[in-house]
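Chemist: One structure, as structure tokens, below. Some questions next.
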Amino acid sequence: MRLKRLHIRYYPPGIFLDYEKGGQLRTKSIDLLNLTPETDVNELLSDIRAAEPLITSSCVEQVKVLICKLQEKVGQKDDRKFFLFRALQAHILPLTNVAFNKSGSSFITGSYDRTCKIWDTASGEELHTLEGHRNVVYAIAFNNPYGDKVATGSFDKTCKLWSAETGKCFYTFRGHTAEIVCLAFNPQSTLVATGSMDTTAKLWDVVSGKEVSTLAGHFAEIISLSFNTTGDRLVTGSFDHTAILWDVSSGSKIHVLSGHRGEISCVQFNWDCSLIVTASLDKTCKVWDADSSQCLATLLGHNDEVLDVCFNYTGQLIATASADGTSRVFSAETFQCLCQLEGHKGEISKVCFNPQGSRVLTASVDKMARVWCVNTGECLQVLEGHSDEIFSCAFNYEGDTIITGSKDNTCRIWH
């Protein structure tokens, strides 16, 4: 094995190693999820050297420079305010979803008008309209980190794969017998997973356009799914009150995560693939050990349905969004509630962290989005202007741009 190149990953903090093995170029990463401005760099360096044979004395100084760069980024103060940059009359009917590509240079919107549109973030210009679905385009995704493909899932029971550069449709994936309501690319961008009201999930090959496997095991609609970071596991969440963990290569069931007393609304893996979080209409979230399937904790405190849940980039924090109009931030290590985010005047349908993990963004039926401080729970900013409920919101990878999507048929870009 021979090290060829080192490069940096800011969110979550880490270093990529490009190396040669048997004549092939490969990549592995060193995750530095616990890096803080106070971390002793020399101590960390010796730990890395002990664990990673590719880091030899010849490249120690370079690794040290990269760690210091990451440390500087982690320590940056984040006191930015967001201002409305553009309001885009995006569709002729309400939007269903919004999503950024990795760099944040473009984003996509799905709509009840049966289309998905690709937009240039900097100019607000429409780049492509992806037309061809015969019903609502409900689930949309870029194949991040590459960003050269878009997948759209529709109430017409099909999923389509598109070129983000030309707007051309590569494939239409047919096989579901009811609406597709969630989808995701695996991190390698070789597969698309779709979840449907027909109780199944399916895996599709991005290159050939063929169905790879059908994941059958739920007894009610699948409404959320998530790949882990390595792409070898998929978790699905269903209205049957359970989540199921699947082996991606064989399509077989590994574990059923049961314990919720209501429909599952959202499922997600943390970055290092060790934990799964599930949100439920039973007013709780549960955190599960991804290897043993043991329930490690039940996150209590909401007095109405939990509609969304997510980890921050490092996997150390969990944010929840509830129909009770509040959001909460929990520690993924102690499972304690760190703060309550109170201020919305209606249910919160979407919650996400900025990449730095210092801010939480919430979208609500009260027509507002709010930016919150993770440490204090203080509302730092109210993003006003939409004339109907906001159901989708996202930060870009740098954390300096926000998009919000509303039932008022518009999306707004905030810088």
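Any Cβ shown, glycine's included, is placed from N, Cα and C.
So TrEMBL says this about it:
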type   : residues : note
REPEAT : 88-129   : repeat 'WD'
REPEAT : 130-172  : repeat 'WD'
REPEAT : 173-214  : repeat 'WD'
REPEAT : 215-256  : repeat 'WD'
REPEAT : 257-298  : repeat 'WD'
REPEAT : 299-340  : repeat 'WD'
REPEAT : 341-382  : repeat 'WD'
REPEAT : 383-415  : repeat 'WD'
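Could you place these features in context, so I can see how deep they sit and what lies close by?
Modeler: Across the repeat 'WD' (88-129), DSSP classifies residues as 0 helix, 23 strand, 19 coil.
Over the repeat 'WD' (130-172), the average per-residue pLDDT in this prediction is 98.
With a threshold of 8 Å between CB atoms, the same-chain residues lying at least 6 positions outside the repeat 'WD' (173-214) that come near it are 135, 138-146, 149, 151, 153-161, 220-227, 229-231, 234, 236, 238, 240, 246, 248, 250-251.
Outside the repeat 'WD' (215-256) by six or more residues, the chain places 178, 181-188, 190-191, 193, 195-203, 262-269, 271-273, 276, 278, 280, 282, 288, 290, 293 with a CB less than 8 A from a CB of the stretch.
Within the chain carrying the repeat 'WD' (257-298), a Cβ under 8 angstroms from the stretch's Cβ atoms is held by residues 12, 31, 33, 220, 223-230, 233, 235-245, 304-311, 313-315, 318, 320, 322, 330, 332, 335, all 6 or more beyond its ends.
With DSSP states grouped into helix (H, G, I), strand (E, B) and coil, the repeat 'WD' (299-340) comes out at 0 helix, 23 strand, 19 coil.
With a cut-off of 8 Å between Cβ atoms, the residues of this chain six or more beyond the repeat 'WD' (341-382) that come close are 10-11, 74, 76, 78, 81-82, 304, 307-314, 316-317, 319-329, 388-395, 397-399, 402, 404, 406.
Only residues 6 or more beyond the boundaries of the repeat 'WD' (383-415), in the same chain, are considered here, and those with a CB under 8 A from a CB of the stretch are 11, 78, 80, 82-100, 102-104, 107, 109, 111, 119, 121, 124, 346, 349-350, 352-356, 359, 361-371.
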